[in-house]
Amino acid sequence: MMEILRGSPALSAFRINKLLARFQAARLPVHNIYAEYVHFADLNAPLNDDEHAQLERLLKYGPALASHAPQGKLLLVTPRPGTISPWSSKATDIAHNCGLQQVNRLERGVAYYIEAGTLTNEQWQQVTAELHDRMMETVFFALDDAEQLFAHHQPTPVTSVDLLGQGRQALIDANLRLGLALAEDEIDYLQDAFTKLGRNPNDIELYMFAQANSEHCRHKIFNADWIIDGEQQPKSLFKMIKNTFETTPDHVLSAYKDNAAVMEGSEVGRYFADHETGRYDFHQEPAHILMKVETHNHPTAISPWPGAATGSGGEIRDEGATGRGAKPKAGLVGFSVSNLRIPGFEQPWEEDFGKPERIVTALDIMTEGPLGGAAFNNEFGRPALNGYFRTYEEKVNSHNGEELRGYHKPIMLAGGIGNIRADHVQKGEINVGAKLVVLGGPAMNIGLGGGAASSMASGQSDADLDFASVQRDNPEMERRCQEVIDRCWQLGDANPILFIHDVGAGGLSNAMPELVSDGGRGGKFELRDILSDEPGMSPLEIWCNESQERYVLAVAADQLPLFDELCKRERAPYAVIGEATEELHLSLHDRHFDNQPIDLPLDVLLGKTPKMTRDVQTLKAKGDALVREGITIADAVKRVLHLPTVAEKTFLVTIGDRSVTGMVARDQMVGPWQVPVANCAVTTASLDSYYGEAMAIGERAPVALLDFAASARLAVGEALTNIAATQIGDIKRIKLSANWMAAAGHPGEDAGLYEAVKAVGEELCPALGLTIPVGKDSMSMKTRWQEGNEEREMTSPLSLVISAFARVEDVRHTITPQLSTEDNALLLIDLGKGNNALGATALAQVYRQLGDKPADVRDVAQLKGFYDAIQALVAQRKLLAYHDRSDGGLLVTLAEMAFAGHCGIDADIATLGDDRLAALFNEELGAVIQVRAADREAVESVLAQHGLADCVHYVGQAVSGDRFVITANGQTVFSESRTTLRVWWAETTWQMQRLRDNPECADQEHQAKSNDADPGLNVKLSFDINEDVAAPYIATGARPKVAVLREQGVNSHVEMAAAFHRAGFDAIDVHMSDLLAGRTGLEDFHALVACGGFSYGDVLGAGEGWAKSILFNDRVRDEFATFFHRPQTLALGVCNGCQMMSNLRELIPGSELWPRFVRNTSDRFEARFSLVEVTQSPSLLLQGMVGSQMPIAVSHGEGRVEVRDAAHLAALESKGLVALRYVDNFGKVTETYPANPNGSPNGITAVTTESGRVTIMMPHPERVFRTVSNSWHPENWGEDGPWMRIFRNARKQLG
């Protein structure tokens, strides 16, 4: 039976206005829209009155419910029938954890009520198209139609393909029908294999073969034999990449054989809880570094949010599934798309060439895709610290005549670093009889054929197959699985995981054969043991779907009880679906139909399938000299600063959590003005050391339109000039991931790919001492479509994205572009040696040109010398600022340094040649360094010792004030105010934020950037930062116990435990499942902290599901009430813990006036480094800190304080319960965005009880308790940041 329950309004006023504006622009007479959530409960038994009231209370969250009866035509948008939304999974979990076992499933839709004039059927279709994502949602016209969401279908049996009867044609037909993308020789191979087996193949076997042997999974082109211009080539592409490892194997622990590569890390104190006692402690051991970079291009073109989200999720799983289990740590993301053409902000170089119907626009991709990638990382609890963004779409001359080159098929890059124990780097042995396990969520009928689909050029496959190949994301589920993996690796030698892989392309049909084959075994499986929420799925759909957040593992049979215990505690679903066999054979039994859908020798599936040969011709690029007429430097500056590749990226940065883990030493945002210009990302290796890890990106894809090899060399060079900004030491410590994107088969591109791989793998990297132990290729970077009567193609440039990773010697010595105005000198190190090439530059692009000669690595020895020299200067502390030269050239390098330093520039480019345009806008490799004037001679001497004397040019100095002036020989070349440049540079991000977020907030932020008087972040402390008020109590040896409380989806508990640990507490890991099961109680604890994250993925309101699981369980409710009423206890709630505890007001004495925390005014997750003031309040944790103003990490989507009315707010204030407020950089309490990131009235962001024993706050003090983890800080701070005082106050209060 289904019950329908109304929910809160689903759209804010500005979202409704945006929708109405879109309808008006489409000339649709829609006058008014009201939207509210509707909940559907699928019940297995009726609810009594109390249970019904409980369900209603559970589903009451967010803004107040509307009291009026909605007017207008109903359009009900729900998840597609046959799928289960992540919302449903988590909401159902909450209902069950609150004791409502009669609820089979909860699902949610949005009821739109449309008031409109007379609309035709076609116009109504336009309206519905605006209101739902056809890839994930459907539209009903009555609430009762939602019954279809819970319809159960009968299982369907496997289908046989009549090869023996119909011969080869049966395989050809199946290939087309199922979208298998099989090549002719693969069809021959299968015909031969099944003829020898004497039986017909089943559809599931063909599908499994297609996925396992797709280009996406098998990398056939990189393993192919090559004939170029009639000449046999000696090596495959992959062998040339492997040559870098053969030449420089130093520091690499695992390459080419696992889900990620591993290199040596540092010996540090890894901090985690003991399995038996739950007590957190440091464990001195090597934290080796793993690295991986994936792409998820095809799904992102079809449906950007889930495409980018599952791209990030898949890469995170790759990291977690390395060795015998590892810990993902920090991420990077990148996008290459065609021109944005922002409505009302179209740029002169942006022409509309059309696109295929089934893919979305570049603007849609950059509106939704980054949000999807960020949301997954945020909810999983991984900071996203690095990235790139390129737009390119142009008609260019080539040997094929004029052709369209650009990124209609986008690049969506997802990568990152993690850590792994030394003993777990290599996978274990799979014993015969080992249990084969799927860890994670249920099988769903989604993501079918993603491996094969992504191996085709967009436009080749059927639209329904594109539709089927898009996946769905549930990061909170992946977090639960990762917690299980963490518990396993933390057991050391007792780790129950023998072997682990993630489930990606091809689903279990690829993952399970790979698992057993890599372990030297076969496998025997039972189809019906696979967790599935859709009983009507066919065997093919169950085995081959790409439902996300799943891992496959081999676990020794005797370790299964331990594994079961860990999964139950973390509430991570798992299923044992088979066992390993001695015979290298794959069999899949179907208990329902008592048949064998799969019965194959493994070598048929994974054996020597036909090897590809690429027989190709070289076509040299055809460039035209840059036409200069009409180009002025002033116009060029404005255009280049508007090019998205160059322009400010704030709209891509602040949506991503950059402080979670408490181990982020360098994020994108630099300095007191928080400008997104960092050279590289840096994390600390642990919570107790200054060793670390660095990541940087390099890519120069447009150059490939002129010179394939130069483009590849520049990508390596740029990654190197970016990562050089931190203290690494020997260049052999740097390891690279190479992600290759090409339109294989396009005339000239294959030979160009070979040329590029050879340039990097055989020549440049070996000469530099660099290794490429990991990478990925995507060989179908082309879209085809019909535009009117014309066939069109959009082909991406050959695109190599290099991600560089390294161990860092001391994270404190990371140099940023932030300029100082002390007596200084700016030096340009020009590795272009005066070539100043303008081909394929940002300058050329903004004038719709390509040019002829591009930049290149001019001298490999000098590039190596450059890296060594910068490392020497970093170690000697000689550099004040550093920024590499890249897109936009020297002009942009200097401008970004000035923005970060909020200062002027007095530059002289007389020594850079007579061509001023080329001097300012060439994109040859190099960097600008700032040194003290007194150090200039010594610095130039170091550079000369490294062979760079002829590359060094004095180009002026940073000065106080707002003028940005470039001269040559006494003549002004360019002069403008820095503020004006800053505003131009920011206009793209402003326009994107206006489109995507609350436009009022976007306007406020943009306006703030034009204020030259802004003093930036600053600190005013009312206490001695170096005083340890806890020291006398720690000296007694007594360590009070603090319960570090987490719920499923919480992700900030480890850094919270570490902060309390440092203050003299015994931090104990307590999961809500421990309390609900009675394994742990709160009676032994002196303090309790509820940690941040996304409990239940913020479903049913941020923190509200967590709170209700306490309130609706009598025993646990009593336990919390007793704790809060007990004198001599302290409690802290941070972020999600704050939201949760604000919903426990009925249990916490003195909290009656506490507010609720609701959606930010921006309607967006906000990750900021915000200034707050400690106000006079009873809070025991903030004693002695009143009046202090200091920055703190903020990361939340629902942090805005909501009070009932003005009287409620006045009472909260008059009682003195407000503990922290947001202030602007002038020290004034503020409601203005982004200084106040959530729009809370009077800047309120923390409150306390009348006794001061319980304090809740939205910002994250635990993430910045170490100075080194602050995005910016005064130079005189030591190891401890000022927020460490909160934790020491806690220890002091407990005596």
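In case you wondered, yes, glycine gets a Cβ from its N, Cα and C as well.
What Swiss-Prot says about this one:
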ACT_SITE  Cys1135  active site, nucleophile
ACT_SITE  His1260  active site
ACT_SITE  Glu1262  active site
BINDING   Gly307, Ala308, Ala309, Thr310, Gly311, Ser312, Gly313, Gly314, Glu315, Ile316, Arg317, Asp318, Ala678, Ser886  ATP binding site
BINDING   Glu718, Asn722, Asp884  Mg(2+) binding site
DOMAIN    1042-1295  domain 'Glutamine amidotransferase type-1'
REGION    305-327  region 'Disordered'
Looking only at C-alpha atoms, tell me how far Ala309 (ATP binding site) is from Glu1262 (active site), rounded to the nearest Å. 27
Neighbouring C-beta atoms (10 Å sphere around the C-beta of Ala678 (ATP binding site)): 26
Per DSSP (helix/strand/coil reduction), His1260 (active site) sits in strand
Euclidean distance between Cα atoms of Arg317 (ATP binding site) and Glu718 (Mg(2+) binding site), Å: 28
Measuring CB to CB from Gly313 (ATP binding site), give everything in the same chain under 8 Å that is also at least six residues away in sequence. Phe376, Phe380, Asp473, Pro475, Glu478, Gln548, Glu549
Whose Cβ lies within 8 Å of the mean position of the Cβ atoms of Glu718, Asn722, Asp884, the Mg(2+) site, other than those residues? Asn679, Ala696, Gly698, Gly717, Ala719, Leu720, Thr721, Ile723, Ala724, Ser886, Leu925, Ala927
Which one of these recorded positions has the most other Cβ atoms within 10 Å of its own Cβ: Arg317, His1260? Arg317
Rounded to the nearest Å, what's the C-alpha distance separating Glu1262 (active site) and Cys1135 (active site, nucleophile)? Just drop the number here, would you? 11
Cys1135 (active site, nucleophile) to Glu315 (ATP binding site), Cα to Cα, whole Å, comes out at 27
Could you measure the widest C-alpha to C-alpha distance across Gly307, Ala308, Ala309, Thr310, Gly311, Ser312, Gly313, Gly314, Glu315, Ile316, Arg317, Asp318, Ala678, Ser886, the residues recorded as binding ATP, and give it to a whole number of angstrom? 32
Three-class DSSP secondary structure - Glu718 (Mg(2+) binding site): helix
Using DSSP three-state counts, the residues of the region 'Disordered' (305-327) come to 16 helix, 1 strand, 6 coil
Residues near Asn722 (Mg(2+) binding site) by Cβ (under 8 Å) yet at least 6 apart in sequence within the same chain, in sequence order, are Asn679, Cys680, Ala696, Ile697, Gly698, Ala804, Asp884
Per residue, counting other C-beta atoms within 10 angstroms of the C-beta, which of the recorded positions Glu718, Asp884, Glu1262 reaches the highest number? Glu1262
Across the domain 'Glutamine amidotransferase type-1' (1042-1295), what does the mean pLDDT come to, as a whole number? 98
Going by C-beta under 8 A and a gap of 6 or more residues, the same-chain neighbours of Gly311 (ATP binding site) are Glu294, Thr295, His296, Pro299, Thr300, Gly373, Met412, Ala414
What does the structure give for the C-alpha distance between Gly307 (ATP binding site) and His1260 (active site)? Integer Å is fine. 30
